[in-house]
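Per TrEMBL, the feature compositional bias 'Basic and acidic residues' maps to 158-174. Residues or ranges marked as domain 'Sodium/calcium exchanger membrane region' in TrEMBL: 3-143. Positions annotated as region 'Disordered' by TrEMBL: 158-180. Here TrEMBL flags 1-18 as signal peptide. The annotation transmembrane segment is assigned in TrEMBL to 67-88, 100-119, 125-149.
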Amino acid sequence: MSVVWLLMLFVALGITSGDFLTPALFVISKTLHMSQNVAGVTLLAFGNGSPDIFSSLAGIRQGSYELVIGGLIGGGIFVTTVVAGSVFLTQPFKLAARPFLRDCLFYTSAGVWAFYLFYTGSLSIAHAIGFICLYGAYILLVVVSGILYQKYVCANEKSEEKEKKEEKSPEKGRLQPILA
């Protein structure tokens, strides 16, 4: 019975997210003139991660450290495997290679760094700030690469338009008939 209840809660959560969170984030990102990539790694990430933040803080206050870490790591693995796999099954699409590689490198570096800190047992406030700085560097890289990509795309579109105009325009130095 509890499994059925859990499935119903997941379905309700998915419907709520699809009906409210995603459209709201879409409007906010358009209003702020954010690309989908930047909105995804900032607004959507915060929308998805904020319950984790608050439940983790509550767990830490109760002294459930292993539960909190297990929940965070397990949640990340769940999203990376089950959620991503489900998305890939339902709607085939093509990913841009460079942004995907960038995201994977940052995700892997955060995981390796966390493993090292927990393995050695040397976790400090500086390390915690370092994780936040790593995310800040990630956001900065996403924003800068988005700006550079837009400049590159706009420059290519302008040069293509110019080439098309030159192809359509009469050649210089050639006499054109005058229509009366």
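Cβ from N, Cα, C; glycine included.
Long-range contacts of the transmembrane segment (125-149) within its own chain (CB-CB distance under 8 A, at least 6 residues past either end) are made by residues 35, 37-38, 41-42, 98-99, 102, 106, 109-110, 113-114, 117. Here the domain 'Sodium/calcium exchanger membrane region' (3-143) is broken down by DSSP into helix, strand and coil counts: 124 helix, 0 strand, 17 coil. Away from its own ends, the transmembrane segment (100-119) comes close to residues 41, 69, 73, 76, 80, 127, 130-131, 134, 138, 141-142, 145 of its chain (Cβ-Cβ under 8 Å, at least six residues beyond either end).
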